[in-house]
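*Asks:* This is the feature table in TrEMBL:
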TRANSMEM  B:34-57  transmembrane segment
TRANSMEM  B:91-112  transmembrane segment
ACT_SITE  B:Asp160  active site, 4-aspartylphosphate intermediate
BINDING   B:Asp160, B:Thr162, B:Asp572, B:Asp576  Mg(2+) binding site
BINDING   B:Asp160, B:Lys161, B:Thr162, B:Glu270, B:Phe311, B:Lys334, B:Arg371, B:Thr451, B:Gly452, B:Asp453, B:Arg546, B:Lys552, B:Asn575, B:Asp576  ATP binding site
DOMAIN    B:598-794  domain 'P-type ATPase C-terminal'
TRANSMEM  B:634-659  transmembrane segment
TRANSMEM  B:665-682  transmembrane segment
TRANSMEM  B:711-735  transmembrane segment
TRANSMEM  B:747-768  transmembrane segment
TRANSMEM  B:775-795  transmembrane segment
Amino acid sequence: MSSGDAALQSSSSKASKKPTYSRFTQQELPACKPILTPELIMAAFIFLGITFIPIGLSHLSASDHVVELIDRYDEDCIPVDNSNSEAAYNKRIGYIQDVKTDKTCTRTLIVPKKMKHPIFVYYQLDDFYQNHRRYVKSRNDEQYRNPAADHKTAHCEPESMNNDNQPIVPCGLIAWSLFNDTYSFSVNGNSLPINKKGIAWESDKTHKFGSKVYPKNFQSRSLIGGAKLNESIPLNQQEDLLVWMRTAALPNFRKLYGRIETDLEANEMIKVVINNNYNTYTFKGKKKLVISTTTWIGGKNDFLGKVYITVGGICLFIAVAFISVYLIRPRPLGDPAYLSWNLDPASN
Amino acid sequence: IVLRGCELRNTKSAIGVAVYTGKETKAMLNNSEIIYLSIFLVTLCTVVCISHGVWLIKHKDELDLIQFYRKKDYSGSEVENYEYYGWGMEIFFVFLMSVIVFQVMIPISLYISMELVRVGQAYFMIQDDRMFDEATNSRFQCRALNINEDLGQIKYVFSDKTGTLTENKMEFQCASIGGVDYDNGKASSEDGGIEYSSAQVDGVTLRPKMSVKVDIELLNLSKTKDTDEGKHIRDFFLALATCNTIVPLTIESSDPAVKLIEYQGESPDEQALVYAAASYGFMLIERTSGHIVVDIQGERQRFNVLGMHEFDSDRKRMSVILGFPDNTVKLYVKGADTSMFNVLNNSSNTNNNIIKPTQAHLHSYSSKGLRTLVIAARELTLSEFQHWQSSYESANNALMGRSNLLRKIAVNIENNLGLLGASGIEDKLQEGVPEAIESLRMAGIKVWVLTGDKQETAVSIGYSSKLLTNEMTRIVINNNSKDSCKRSLEDALGVCKKVKNGVSGAVNSQLALIIDGSSLVYVLDTELEEQLFELASKCDVVLCCRVAPLQKAGIVALIKKRTDDMTLAIGDGANDVSMIQRADVGIGISGQEGRQAVMASDFAMGQFRFLVPLLLVHGHWNYQRMSYMILYNFYRNAVFVLILFWYVLFTGFTLTTAITDWSSMLYSIIYTSLPTIVVGILDKDLSRATLLKHPQLYGAGQRNESYNGKLFWVTIFDTLWQSIAVFFVPLVAYWASNVDGSSLGDLWTIAVVVLVNLHLAMDLFRWYWITHAAIWGSIIATFVCVMVIDALPFLPGYCKIFVQYYRPNDIQIAREAEKFEDSRVSRQVQIEMTRFRDPLTQLV
């Protein structure tokens with residue numbers, strides 16, 4: 001009998017198409033089945049609430065420690081009244097486009113609180129769409145990187161060739177519109193040095209811009225977009241350019257101008273001499289000078305702290321609301337009596 | 001219709017029309033959401049291009065100064081435009097560009113992942129060892145890959161009977177002879193029977209092809225020729241062996257000395273009876289129109305067939321008149337119990353003694369689901385016989401109304417019969433059919449049985465498979481004209497109303513509709529269809545008997561035309577093909593009756609009972625997984641597109657994308673696709689055991705609970721607000737700061753990927769190690785990809801976002817955005833799970 005059985009089995013197993021058993025094929029893999037119980041949810045919300053609120057508070061206090069000076073100078077540094085009339089507008093443009101006039105402008109800032117070094121100096125442009133599609137695309141990274149590729153000016157139109165059909169290095173509208181206001185600081189008559197080294201990204205200097213690529217034919221056409229470049233300095237040393245070329249994400253943006261490496265005491269008067277060259281008047285943009293310290297959250301920013309506190313507060317509120325609902329109308333979890341067909345006797 | 005995958009052979013040319021294409025494909029019919037999404041996409045694009053147009057017009061004067069529009073060289077006299085085509089064309093280009101940028105919205109990747117998921121689901125269905133049929137050694141087969149999720153939404157099951165519910169094997173089970181119940185269940189022994197169930201003919205042993213279990217007591221009794229009891233029994237078996245239309249065929253067997261007799265006939269019941277008679281030693285060996293040869297326990301006897309009245313549905317019986325070798329003439333009648341008891345001889349005492357117990361036995365047989373037949377006989381006197389013979393011959397020769405005449409004669413002669421006994425034949429149900437039907441009905445699936453068999457058979461199978469129960473109110477419609485059909489339909493509707501209204505307090509409000517094919521002729525494709533549908537939808541059980549194959553399809557169409565409910569047809573034979581093709585889901589039983597049904601089907605399996613795991617378990621899973629996956633895909637793509645869209649609003653409507661093109665491309669390929677697919681294949685909301693325990697859970701699919709318009713809009717709303725949170729929190733945080741485009745873009749990329757993957761993670765029911773790997777792996781892969789994309793110098797934006805001194809900021813914001821979402825998602829899930837709907841929804 002046993003031999004017959006075995007023979008039967010062997011013959012059937014040879015032909016059998018029975019799926020071989022495994023936990024995977026039978027979909028019986030071990031699994032963790034988290035169920036969101038009311039206790040778990042309440043705990044989670046309370047946890048979120050009590051972690052977020054301190055985070056938010058620390059953000060706010062950090063932001064509070066940041067000392068930030070913002071000075072909008074585009075309106076005051078121009079001898080034209082800031083009315084919206086057509087005439088004023090034309091006058092402003094005439095002033096800024098005139099190469100011969102001296103555009104220096106002196107501003108005085110008062111340090112409200114002690115500022116510890118390093119103090120960052122930014123320029124801020126508002127309503128400048130550095131993220132306009134055509135603007136963003138108007139560059140050629142290969143030309144900037146490779147000294148042998150100065151003729152590669154694809155995408156750089158219309159700033160690709162000068163009038164003698166020589167390639168412009170660096171080509172493109174971004175480089176062409178390089179910001180060219182300059183600032184010089186002095187405190188109590190002593191000039192305050194600004195460190196302009198190391199303001200660009202390290203990776204830009206080492207990889208993206210070549211150390212043997214020198215500016216050529218830059219700003220040589222009749223339309224001048226912005227700053228000129230020293231042709232004896234390779235592109236990767238032109239840190240202002242590098243900062244500028246890293247196009248801003250948003251229409252209101254700041255760019256690093258330099259660092260002040262000394263502390264500033266409270267109530268000190270800073271005299272800033274501005275060369276107001278950059279034309280934001282045609283598109284009615286704003287120019288601001290920003291001097292700021294940093295903390296671990298970066299610059300002054302209350303928003304994040306507020307968001308954290310709001311979310312934390314909402315979490316706590318929900319937790320409380322949920323607990324009260326839970327206490328008023330508890331439902332035992334997994335009670336089969338609550339299944340819909342058990343609730344409704346008519347359906348059975 | 002030539003289905004996909006069919007091959008035409010030996011055909012020189014064919015003219016074809018492609019059907020079910022374009023709008024009629026399942027994808028289009030099922031996904032009206034695609035249209036919404038397209039509208040959504042077009043809306044986004046239109047908003048962008050209109051805003052752009054407005055911007056252009058508003059800044060018309062300044063355009064001259066914008067270098068990328070005007071190639072103005074003030075030194076030269078000529079002023080030429082540089083890629084500025086007038087605002088009309090500009091808008092048009094912006095529109096086209098936005099279509100390209102936002103095309104992630106249309107979930108093309110969804111179709112690819114859906115296909116992959118379906119393949120995975122099919123793999124698991126095939127591999128399921130609970131759907132493996134040992135008997136035929138056949139696995140479950142998926143022949144269509146695109147309707148896995150429909151299995152979770154079936155509302156109507158149309159089932160063939162023979163070969164689907166039953167094994168298509170009739171088996172003689174028990175007999176009541178002379179008022180004594182011989183149930184061979186109690187003392188069955190095959191060995192005892194076999195020696196007698198063979199006959200020697202010219203040195204060759206004949207043996208019936210199938211042997212039946214034999215009751216030894218009965219067998220021994222049948223051998224005693226002298227007693228009354230023995231005579232009765234011998235008469236009974238003789239009637240079984242002769243009163244039929246079976247033709248015996250001898251076929252060779254492996255042993256040359258033994259030949260097998262195979263009985264062929266149109267009725268499987270008769271086959272079973274003849275095999276049974278043969279097992280008891282009454283072996284039918286030969287039949288011609290004139291005579292019958294029966295081997296009676298080794299002794300060959302020849303009977304003349306003097307006349308035969310075939311079965312008809314009015315009389316519900318058949319009879320044969322045999323001339324015995326000793327010149328006596330006997331009439332044997334066999335028929336349904338209802339028709340037989342009227343024609344029995346009530347005056348005879350012995351007969352009356354038998355009738356009562358036989359009726360009792362019949363009742364117990366039929367309640368067991370056996371098919372019963374009553375056998376009776378009468379010895380004809382010579383005058384009776386001669387009278388009958390003359391009228392039989394004249395009727396046979398009549399040109400007009402022959403069948404009517406014959407029937408009259410039959411009625412005349414079939415009376416005053418002596419009851420011999422009754423037989424119980426089991427139409428063997430497949431294993432587990434009653435349980436399966438029970439489960440399906442509990443799951444809210446309406447089971448309709450469509451069979452070609454006659455009504456009695458269908459009803460008895462209905463009982464044995466628990467489709468029909470004694471508490472049900474039966475509505476029977478048998479009609480031969482349109483008017484009467486209409487009347488009975490109206491009556492039935494009346495009954496229906498009465499039962500549903502009047503008996504609301506009573507236990508029984510279940511209705512069963514039994515309708516036959518001849519009535520259906522007048523109903524289908526006429527205005528009565530509507531009434532039938534109304535009636536049928538009120539009935540819990542519908543049995544259709546004597547239906548032609550095309551009518552089966554007609555009934556399926558009746559339902560499909562009027563409801564959106566999913567229909568499933570299951571059958572095994574060629575006569576079910578039309579029905580299988582017509583239904584939304586066609587299932588073929590790979591049984592005895594050839595392969596046509598399997599070839600036409602979407603799925604094929606070995607047994608009817610596999611329908612339960614297929615629908616309740618796999619169908620439920622597939623439906624739930626697929627619908628979640630579709631919704632999730634919409635959500636995932638829409639979040640991404642909306643983030644692109646919000647950014648466009650801050651770039652002068654010029655379609656600059658902060659997120660790199662590579663990331664947009666990889667988003668639905670690497671960043672987020674794998675978890676979806678894994679979840680679509682593996683996630684299980686409930687375990688197999690739970691689903692089988694509570695078949696009612698299947699109702700979720702029938703009610704479209706996991707995928708409906710409301711959920712779709714909820715998802716879209718969800719998407720909207722999550723994208724706003726993810727986009728605007730970093731935006732406001734970085735407003736007027738020195739962040740550059742690609743850093744912020746990468747932040748958004750990572751935030752959105754983490755967000756959608758976490759969203760998926762929170763909606764998961766089961767965490768396998770595979771799920772863990774897929775979700776966390778995707779997030780890690782995203783980080784790697786973003787870094788690689790940024791590091792490759794030819795790709796825009798070389799930045800090490802996380803090494804600069806903004807580092808805390810980035811991480812804070814990313815985390816912040818995620819957490820923000822986390823809490824929200826968990827809130828939502830929580831509400832759904834605990835059902836504190838009213839108070840909390842207001843709170844949130």
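Heads up, the Cβ atoms here are built off N, Cα and C, so glycines get one too.
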*Asks:* Is B:Asp576 (Mg(2+) binding site) helix, strand or coil when read with DSSP?
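*Replies:* Going by the DSSP assignment, B:Asp576 (Mg(2+) binding site) falls within a helical segment, counted as helix.
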*Asks:* Between the transmembrane segment (B:711-735) and the transmembrane segment (B:747-768), are there at least three Cβ pairs closer than 8 Å, leaving out pairs fewer than 6 positions apart?
*Replies:* yes
*Asks:* Among all the protein chains here, how many other CB atoms are within 10 A of the CB of B:Asn575 (ATP binding site)?
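*Replies:* Neighbour count, Cβ to Cβ under the 10 Å cut-off: 22.
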*Asks:* If you draw a 10 Å sphere on the Cβ of B:Thr162 (Mg(2+) binding site), how many other Cβ atoms land inside?
*Replies:* 24
*Asks:* Which residues does B:Arg371 (ATP binding site) neighbour through Cβ under 8 Å, counting only same-chain ones at least six apart?
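*Replies:* Result: B:Met170, B:Asp269, B:Gly424, B:Ile425, B:Glu426, B:Asp427, B:Glu456, B:Thr457, B:Ser460.
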*Asks:* Taking DSSP three-state, what's B:Gly452 (ATP binding site) in: helix, strand or coil?
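*Replies:* B:Gly452 (ATP binding site) sits in coil per DSSP, no helix or strand.
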*Asks:* Of the recorded positions listed here (B:Asp160, B:Phe311, B:Gly452, B:Arg546), which is spatially closest to B:Asp572 (Mg(2+) binding site) when Cα positions are compared?
*Replies:* B:Asp160
*Asks:* Going by Cα-Cα distance, which of the binding-site residues (B:Gly452, B:Arg546, B:Asn575) sits nearest to B:Thr162 (Mg(2+) binding site)?
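*Replies:* That would be B:Gly452, the closest of B:Gly452, B:Arg546, B:Asn575 to B:Thr162 (Mg(2+) binding site).
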*Asks:* Between B:Asp576 (Mg(2+) binding site) and B:Asp160 (active site, 4-aspartylphosphate intermediate), what C-alpha distance do you get in Å?
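*Replies:* About 7 Å separate the Cα atoms of these two residues.
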*Asks:* In angstrom units, rounded to an integer, how far apart are the Cα atoms of B:Arg546 (ATP binding site) and B:Asp160 (active site, 4-aspartylphosphate intermediate)?
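*Replies:* Counting only the Cα atoms, the answer is 11 Å.
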*Asks:* May I ask you to report the DSSP-based helix, strand or coil state of B:Thr162 (Mg(2+) binding site)?
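*Replies:* It is coil.
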*Asks:* Rank the recorded positions B:Asp160, B:Asp572, B:Asp576 by the number of other Cβ atoms within 10 Å of each Cβ and report the first-ranked residue.
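*Replies:* By the 10 Å Cβ neighbour count, B:Asp576 comes out on top.
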*Asks:* List, in sequence order, the same-chain residues at least six positions removed whose CB sits under 8 Å from that of B:Phe311 (ATP binding site)?
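*Replies:* Expected: B:Arg317, B:Met318, B:Gly335.
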*Asks:* Taking every residue in the domain 'P-type ATPase C-terminal' (B:598-794), what is their average pLDDT?
*Replies:* 82
*Asks:* Cβ distance under 8 Å to B:Gly452 (ATP binding site), same chain, sequence separation 6 or more: which residues?
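*Replies:* When sequence neighbours closer than 6 are ignored, B:Gly452 (ATP binding site) has B:Thr162, B:Gly517, B:Cys545, B:Arg546, B:Val547, B:Ala548, B:Pro549, B:Asn575 within Cβ distance under 8 Å.
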